[in-house]
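Only one structure is covered here, and it is reproduced in the block below.
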Amino acid sequence: MSASAVNVTPGRNVVVVGTQWGDEGKGKIVDWLTDHAQGVVRFQGGHNAGHTLIIGGKKTILRLIPSGIMREGVACYIGNGVVLSPEALFKEIGELEEAGLSVRERLFISEATTLILPYHIAIDQAREARKGAGKIGTTGRGIGPAYEDKVGRRALRVQDLFDARTFADRLRENLDFHNFVLTQYLGGAAVDFQATLDTMLGYADRLRPMVADVSRRLYEENHAGRNLLFEGAQGTLLDIDHGTYPFVTSSNCVAGAAAAGAGVGPQKLNYILGITKAYCTRVGSGPFPSELYDADNPSRQDQIGITLANVGKEFGSVTGRPRRTGWLDAAALRRSIQINGVSGLCMTKLDVLDGLDEVKLCVGYKIDGEDADLLPRGAAEVARCEPVYETFGGWKESTVGINSWDALPANARAYLTRVQEVAGVPIDMVSTGPDRDETILLRHPFKV
């Protein structure tokens, strides 16, 4: 190694994670931060969550490829912690290339990334159908079953595609197992071996130019002085270990997963940016202490909840499912901050609260008559949480597009200040609209 290489100051690495149940607006913030990054990394999840970007008024939804792909010259990485559907990947690549973006020469996929195969999707959908009203609310895209195979040490990985004979042998073995479950337990149809083999091997040559030793590349890029941005998917409260289990996703969505899911040393993660909306949302089943619902009909949102959903366009970017809405839950936020080691917060969708007469903040709970200031760990206990609120005056002025703290309405500043106090970490960024320019910067994650 040359003396000049030794003297290069390593780049700075920032991890972006959701602190709620996903859908916090991470995509826009990752895109904004990419101005100061030379690489963006996905380290967990699959194509079950969409990151929505509004650039110059044009809407783009990315499900698998890192949001940095929207910036020419930025390298994008899919780490070993991701589960990859080649079909979804090439569909997304095609959409981006049709929009005039270069993708393949800037996208690097870990050879150790687990593949999603047709039988994973079949099992996912058959399970949900069997559960009926008790379903968790998966997207049916095979994410969970693919992670099950990974933990069960039977997963097929990207690198396996390049040895057709071994791939075929292992695929046949896997199908013997999964088809038994599909037909004998779930009552579904068997997945055809030859059709699956032909489809998957057909991706091999198309994937090969993008396959890389991602862990090594990230190490070398960082030590050459280049900044890296690690883009989390879903949110902390959906984490397989730390979320409201079993109403969770199948991967670790917390900041620590960036190290394992991309193959980087944890000491290289310099700053953790926690993304929180100015209110809360949740998709699918599971407890939600601060949910806004009609007291006379708990299965329906109340009028404020409906307003938040409509103004905030709270519909899943991948599934189109409506999101449940509620006030910001600071007790849940504190739990996420502790788990992730959050350095600073970015509050998104502040503008959605414009026009409300009052704004509430959940600062704790009553659980069976006892006070609690932190979200419990189990779903059953979370379901017994009765929210304790502080109430703030609303603001009638529009905050849309404001990009300085002092220009915010006084009541909006008071609300944000109180959130900082109860959270115990600073709010470093505030989003006041979907476009990248509609952002207030208080401390820059790459410059702290």
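Any Cβ shown, glycine's included, is placed from N, Cα and C.
According to Swiss-Prot, the protein has these features:
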- Asp23: active site, proton acceptor (ACT_SITE)
- His51: active site, proton donor (ACT_SITE)
- 22-28, 50-52, Arg323, 349-351, 431-433: GTP binding site (BINDING)
- Asp23, Gly50: Mg(2+) binding site (BINDING)
- Asp23, Glu24, Gly25, Lys26, Asn48, Ala49, Gly50, His51, Thr139, Arg153, Gln234, Thr249, Arg321: IMP binding site (BINDING)
- Ser317, Val318, Thr319, Gly320, Arg321, Pro322, Arg323: substrate binding site (BINDING)
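With all protein chains in the displayed structure included, the most crowded Cβ environment within 10 Å among the binding-site residues Gly22, Gly25, Gly50, Gly320, Pro322 is that of Gly22. If you measure from the Cα atom of Gly50 (Mg(2+) binding site) to that of Pro322 (substrate binding site), you get 14 Å. In three-state terms derived from DSSP, Gly22 (GTP binding site) belongs to neither a helical nor a strand segment and is classed as coil. Of all the binding-site residues in the record (Gly25, Lys28, Pro322, Arg323), the one with the smallest CA separation from Gln234 (IMP binding site) is Gly25. Following the DSSP three-state reduction, the secondary structure of Leu350 (GTP binding site) is helix. Neighbour list (Leu350 (GTP binding site), Cβ cut-off 8 Å, at least 6 residues apart, same chain): Ala278, Thr399, Leu408, Ala412, Leu416, Val430, Ser431, Thr432.
Separating the Cα atoms of Thr139 (IMP binding site) and Gly22 (GTP binding site) is a whole-number distance of 14 Å.
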